[in-house]
Each structure stands twice: as C-alpha cells, then as structure tokens.
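Participant: One structure follows; several queries about it will come next.
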C-alpha cells in the first residue's frame, strides 16, 4: 500500500514525527490472553500520534492500518526523509483528518513487522525470534492491544475509529468490543466477513511464501530469507488491489523497453515489470512470517460468526456508534455488495449510518489514493460526530 | 399552521411543496426522506425542528452534499433500501415528487406504511387545466414546468391525478390523515394552497397517509 505514499501536492504535512513504543504484559500473570486462548507477553506497541489531545479529551481519532501498513500514517522521520507516511494525503493540517483539530493515533498491529510484537520479535522463552511459535492472532486481538495503548495514553473515549480494508475490519471490531468508547466508525473498502475469493488469494500468497525453500518453517531469521515467496505473495496481493480498468489504463499490453516479443521468459510486458518491481520493493520492508499471520487474521474475520447465531444483525446489537461506510465501484476484493450487507445489518439495528459508493477506477486501493470526495466525506463525518458526540 | 409555514419557508432554496411538507412534521420526530436530493428538506427539519433524519439518494454527488450538511444519508435505490427497516422505525416517511416514477407504487407505499407511522407523498397533478388544454386543444402530450419531459425522455411512468390518488388510497384501505393541493412552479419556493377545484387548478397534490388501524 505504501507505494502511494507521496509528498502532499501542496506540501502540507504534520512535519517531523516520531515513532514511540509502549510495552505491557511483561509481569507474572500479566500476559495478554488471545482469542485462541494462547497467552503472549510482554507486548510492545509501536505507535505515532499527531495533533494535540484536547483538555476535555474528546478529539481523539484512532487510525487503523491495513495489511502492509504500519503506524507511520503521516509526516516524515527527519528533514532528509523523502517518503511520508502512508496516508499523508488524508492526515495533516486542514486535511480530511485534520490534525489541527483532532488528536490522531495509529499503532502498528499485533503480528505485523512495524515495531509492534510479531513473529520477528524475540521470544522471551528462547531468546530467539518467535517464528511460527508466535501465536495466531485475530483482528479482535489487534484491537485489544490498541485498547491497552489508549489506556496508557489516558484516552478513554474515541471520537472516531477510521480504517480501510483490514483497518476497516478493526474499526468494526472496535464498535462491537468497546461500544461505549467509540462515537464514530468510518469503515472504508471493507467487509464484515472475508469472502472465499479473498481467502483464496491470501492462501495462494501464503503458499508462495511457505513453498520458498528459504522459508524453512518460519526459521529464517539470521539466514537467507524467503524473498522470492514474499515477492510473489505481494504480486498476487497487488493484482487484487487494482482493477481490470486500472490495469488497462496503466499498462494495457504495452511492452517493457522493447518493440517485439522476446520469445523468452524475460519480462515482455510493462505489467510484468511493474509487479516484479513491487514484489522486490516489498521484501525490503516486510517480514514473510508477518504476512502469514496478518492474512490469517483477515481470513478469520467474520462478524456473522461472532454474532453467535450466524447473524450480522445480531452481531451489531450491542453497537452504539454512528457509522460511515464507503465502498469503491471498482473494488473487486471487497465489492460494494459487501459494504451494503454491512449497512443493512446496521440499519436493522436502528443505528445511525451513512453510506456512499465512490466512483473510482483504481480498485480496492482507491481509499489510499488522494480523493477530494473521500477527504470531504471523512472530514464532514468527523465534524458531525463531534457536534453530536455523547462525550 | 401558518406560523409553521413561515418558519419552514426561510430557507431560500427550498421548494414550496417541501415547505408545506416541513410544516406537517412534528418537532423531534424521526424522518426518512426518500430521494432526498441534496438534503434541503432534512437539513431544514433538523435545524428548525430538531428532527432526526435519514435520507436515501441515488446520486453520489448529492450524497456528498448531504454529508457536508451533517445529515445521515444512504446511497441507493429507494425500493431496495426501504426493505431493511423494522416496523415503525420512523414517525414520517417522505416521498416527494417521485411517486410518478415508481414501478410498483402500491407495493412501495405499503412498505413505507410499515416502516413509518405516517407517509407523506407529493406528486405532480397530471389533470391541471394547462395539461388538459394542451391535450384537448393542441392535441399534444402535456409539457409543463411540473412535467417538463418529452415522451421519449421522461422518467415519469405514471400519470397521477389528485382524485385518482384519493380513490387509490381508499381502494388500498389506507387512511388520508391530511391533504393539500398547491399551485407552484417546480424549483420555485413560492406558491399557494388551492382550495377550490384542486384537481383542475393545482400543480401538486400532497397527502399524509396512515394505515387504517393505528398500531400501538
């Protein structure tokens, strides 16, 4: 996702930011109990914050990142840093999520490799990286960790939780786990339950990693890494984030630096070159085991099952927040009908919900790309939530 | 009632039929506005009467305008969207100037009377004298400010007259709680109530409907 992160067109930014860390659960009997029943501790959370928490503590907005993102949402780490955070176009002074008005928090998710405890972290029991000894985590576990961080920061209530894709799943989970702590939920390009199509793509990506000889059942730290497998996994993922239309527009059948077919298995087409480039770029910044854990968490996500009787309507019976649900016309990973199912469940619970399907040809990734309509929707929804907020 | 008219009419962009409808809505009630456009009516009701409203609108740009105004709005088709609400979710469901485009009006109104205690409907009166004049003396399908379309591009698939609508409501076993007829131009926020010969002289009919028996 971070291939979209680019300097703001008007060069407006939160400026220099700092990645911070908070560790909990290190003491005896203080480990975090996961949904699977497994325990883990200590847990370190990497996070960033922008803007100021108001004296009434009523302006906190929690941003939730997707599969390959991290807590670096906006700004730069130094003056020499050329690449801002992944949602630089949305988060900053005067932007959709206005850091002049809101206190913005984002934490790297549990199991990821963005500084929060994950499979590449040291297992206190062995002194070695966890590898596959890291317990399988869920979206609910990610949210439980975020809640711990908020307690630490002294943020009791959230004006809103905002996320796209896997981040949207976390946002929905927040509204169910801690209904009284969240006034507004913004769920972008997301779903209540991972579809067979989405699970299938994740499984192909995981197989690419696990069949790489370097993967070595997850014990590759300190040796050669399963870079080929991870790069292929990224290539698959990347295709699902685009759309037929976007790929036609971006690449068509254009050849890469040649006039005719090579009649070999080198790169012929631009699209091949692009995917290989994306794959190779990704291995430099992402851990293969984290990819396995985080995609598994997404696959397990199913609010209907969580609702008990297999009903999405019942799942939201305890929700109290107001909702903004946004889908994108060309998103084939989490198509509009899935957002509509979510909206239907919210309506049937008498919850306050707004829904908009934004016309965009860039597929699932549309929520990451600068879009005035999306910024306006989010900005106005936050403002209205603040006006109506019960806090 | 007059005072209400006045207060509802302060919004400069609001259509006259919407001002009339606004005057019928009780303060603090829960309202669903079908085909809410840019949310003029809901915004006015929210500001002036503390109404909790939701709009349904098909066009993305209009949905964005509604959210800019701080309204709750769902992008979608009204016949689909109204299916998802529980019985009596709303105090009022409003269907303004859309009935003439609905494929199954009896079915739709029945759904609306289920999800709302009251349904407010407004529609262009096809038997206005100017329309009759064009049909009889010019021998042409009527074209007017209220019915501005040619036969080949009209979205209107129903021809509704005020007296026909009354008969329809009776036949369906519903109740007319309130009705009025107005003379106005489309998009013009000026108009007047027509009391004498409304079926001939009114450009729009506005009705408030309920089911025969009140459900407690």
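Placed from the backbone N, Cα and C atoms, the Cβ positions cover glycine too.
Found this in TrEMBL, in case it helps:
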ACT_SITE  A:165  active site, nucleophile
ACT_SITE  A:331  active site
ACT_SITE  A:364  active site
BINDING   A:234, A:365  substrate binding site
DOMAIN    A:60-368  domain 'AB hydrolase-1'
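How about a rundown of where these features are and what they're close to?
Facilitator: Under the DSSP three-state reduction, residue A:165 (active site, nucleophile) is assigned to coil, being neither helix nor strand.
Under DSSP, residue A:331 (active site) is assigned to coil, being neither helix nor strand in the three-state scheme. Long-range Cβ proximity for residue A:331 (active site), meaning a same-chain Cβ under 8 A and a gap of 6 or more residues, is found for A:189, A:243, A:363, A:364, A:366.
Counting every protein chain shown, the number of other Cβ atoms lying within 10 Å of the Cβ of residue A:364 (active site) is 28.
For residue A:234 (substrate binding site), the Cβ neighbour count at a 10 Å cut-off comes to 24, with all displayed protein chains included.
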Participant: Could you measure between residue A:234 (substrate binding site) and residue A:165 (active site, nucleophile) for me? Cα positions, answer in whole angstrom.
Facilitator: 16
Participant: Can you give me the Cα-Cα distance between residue A:365 (substrate binding site) and residue A:165 (active site, nucleophile) in Å, rounded to a whole number?
Facilitator: 9
Participant: Taking every residue in the domain 'AB hydrolase-1' (A:60-368), what is their average pLDDT?
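Facilitator: In the predicted model, the domain 'AB hydrolase-1' (A:60-368) has a mean pLDDT of 96.
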Participant: Return the residues near residue A:165 (active site, nucleophile) by Cβ distance under 8 Å, restricted to its own chain and a separation of at least 6 in sequence.
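Facilitator: The list for residue A:165 (active site, nucleophile) reads A:66, A:67, A:188, A:189, A:190, A:333, A:334, A:364, A:367, given in order along the sequence.
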